[in-house]
Amino acid sequence: MDQTFLMIKPDGVQRGLVGEIVARFEKKGLKLVAAKFESLPEERVMEHYSEHKDKPFFPGLKSYIMSGPCFLMVWEGKNVVSITRQMIGATNPAEALPGTIRGDFALEIGMNVIHGSDSDETAKREIAIHFKKEEITSYERVDEKYLYE
Ligand code: DAT
Ligand code: MG
């Protein structure tokens, strides 16, 4: 089954949005298979955001991500990467549609509440950066027979 890496950033944690955000994915029918609460060490932030390391906004992004604990998750489900990217909304909350997480809960690009992998390949890479194999569970949700045809 498809998997993705989602992470509620320090603003989402501090603003008490963890439960609300997790509930949205749960109700969609996606399956939470790993989760942990963690302050990210610098090396892991560098690895996670390596594609952005030379961008002008990177120093600000790095200090924001390291400003407090994050809530890291692995979610599973059919087409989970594209579904969660749609539910998260545009990178800039000013452009994110109402009904999306960034559209409903954020105002500025530098405080956009949540990260989500943008492709299956990125998801594999990011899951491996943040989770050990043995931290990822495997189980059936009792409602799966009413979620999948
Ligand atoms: P996304 O998080 O939607 O995948 P991204 O990978 O392009 O977006 O960028 C990673 C994060 O970096 C993004 O969530 C917020 C920050 N960021 C991106 N572009 C930025 C910009 N122009 N100014 C400030 N922060 C930016
Ligand atoms: Mg990205």
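Backbone N, Cα and C atoms are what each Cβ position is placed from, and that goes for glycine too.
Keep in mind it's a predicted model, so treat the numbers as computed, not measured.
For His115, the entry in TrEMBL reads active site, pros-phosphohistidine intermediate. Per TrEMBL, ATP binding site is recorded for Lys9, Phe57, Arg85, Thr91, Arg102, Asn112. Feature annotation from TrEMBL assigns domain 'Nucleoside diphosphate kinase-like' to 1-138.
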Fewest neighbouring Cβ atoms within 10 Å: which of the binding-site residues Thr91, Asn112?
Thr91
Ligand 1 is in the model; which of the binding-site residues Lys9, Phe57, Asn112 have a C-beta less than 6 angstroms from one of its atoms?
Phe57, Asn112
At a 10 Å cut-off from the C-beta of Lys9 (ATP binding site), count the other C-beta atoms across all protein chains.
23
Distance [Cα-Cα, Å, rounded] between Phe57 (ATP binding site) and the residue listed as 'active site, pros-phosphohistidine intermediate':
16
Around Arg85 (ATP binding site), which residues of its chain at least 6 apart sit with Cβ under 8 Å of its Cβ?
Gly116, Asp118
Pull the DSSP breakdown for the domain 'Nucleoside diphosphate kinase-like' (1-138) and write it out as helix, strand, coil residue counts.
65 helix, 26 strand, 47 coil
What's the CA to CA span in angstrom from His115 (active site, pros-phosphohistidine intermediate) over to Lys9 (ATP binding site)?
7
For the domain 'Nucleoside diphosphate kinase-like' (1-138), mean pLDDT (0 to 100):
98
Maximum Cα-Cα separation (Å), residues Lys9, Phe57, Arg85, Thr91, Arg102, Asn112 listed as binding ATP:
21
Just to be sure I understand the packing, how many Cβ atoms besides its own are within 10 Å of the Cβ of Arg102 (ATP binding site)?
23
For a quick check of understanding: among the recorded positions Phe57, His115, which residue's Cβ has the most other Cβ atoms within 10 Å?
His115
